[in-house]
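For reference, Swiss-Prot lists these features for the protein:
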BINDING   Cys26, Cys30, Cys33  [4Fe-4S] cluster binding site
BINDING   Gly32, Cys33, Tyr34, Gly74  S-adenosyl-L-methionine binding site
Amino acid sequence: MNYLQYYPTDVINGEGTRCTLFVSGCTHACKGCYNQKSWSFSAGVLFDDVMEQQIINDLKDTRIKRQGLTLSGGDPLHPLNVETLLPFVQRVKRECPDKDIWVWTGYKLDELDKQQRAMLPYIDVLIDGKFIQEQADPSLVWRGSANQIIHRFKL
């Protein structure tokens, strides 16, 4: 899996101060998507053990208290990304149990397959649904369009 961008300190993509990883690869091709450069699975750089350890280290860093990890993209729940992200979120929950995990996906919760659903026990907040430009509303919190739903599983 590739990722396009990593922000070790982010206050935009979820509650509190967070680490945010924008993964590469999305097949939804939403009209008006703000991150079209993330659609290609080959965009960005390889998410390797070094990057994974960096995120764990940042989450544990007591100099800047982070509430959790955000996964966006691209689409973190695309099956090609789940292969890499499932063991990663398992590790985050194991090594940083006090941190929450937020995930943005174009898939709807009721559309997820078995592989994608395997991620759910490790996700605290899931924002689902494709971005629909005709339903775009800049006043929405954590969502780009009115069809998207915020699912709070744990918090």
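Any Cβ shown, glycine's included, is placed from N, Cα and C.
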Show, in sequence order, which residues other than Cys26, Cys30, Cys33 on the same chain lie with their Cβ within 8 Å of the centre of the Cβ atoms of the [4Fe-4S] cluster site.
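Going along the sequence, the neighbours come out as His28, Ala29, Asn35, Gln36, Ser38, Trp39, Asp75, Gly106, Lys130, Phe131.
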Roughly how many angstrom lie between the C-alpha atoms of Cys33 ([4Fe-4S] cluster binding site) and Gly74 (S-adenosyl-L-methionine binding site)?
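Gly74 (S-adenosyl-L-methionine binding site) has its Cα 10 Å from the Cα of Cys33 ([4Fe-4S] cluster binding site).
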What span in Å does the S-adenosyl-L-methionine site cover, taken as the longest CA to CA distance among Gly32, Cys33, Tyr34, Gly74?
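Largest pairwise Cα separation, rounded: 14 Å.
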For Cys30 ([4Fe-4S] cluster binding site), what residues in its own chain, 6 or more apart in sequence, show a Cβ-Cβ distance under 8 Å?
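Expected: Gly106, Lys130, Phe131, Ile132, Gln133.
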Restricting the comparison to the binding-site residues Gly32, Tyr34, Gly74, which residue's C-alpha is spatially nearest the C-alpha of Cys26 ([4Fe-4S] cluster binding site)?
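Closest recorded candidate to Cys26 ([4Fe-4S] cluster binding site) by Cα: Gly74.
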On the three-state reduction of DSSP, what should I expect for Gly32 (S-adenosyl-L-methionine binding site)?
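DSSP call for Gly32 (S-adenosyl-L-methionine binding site): coil, neither helix nor strand.
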Tell me which residues of the chain lie with their Cβ under 8 angstroms from that of Tyr34 (S-adenosyl-L-methionine binding site), as long as they are six or more apart in sequence?
Phe131, Gly144
Hey, of the binding-site residues listed (Cys26, Cys33), which one tops the CB count within 10 A?
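Of Cys26, Cys33, the one with the most crowded Cβ is Cys26.
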Ranked by the number of other Cβ atoms within 10 Å of their own Cβ, which of the binding-site residues Gly32, Gly74 ranks first?
Gly74
Where does Gly74 (S-adenosyl-L-methionine binding site) sit by DSSP, helix, strand or coil?
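Going by the DSSP assignment, Gly74 (S-adenosyl-L-methionine binding site) belongs to neither helix nor strand, so it counts as coil.
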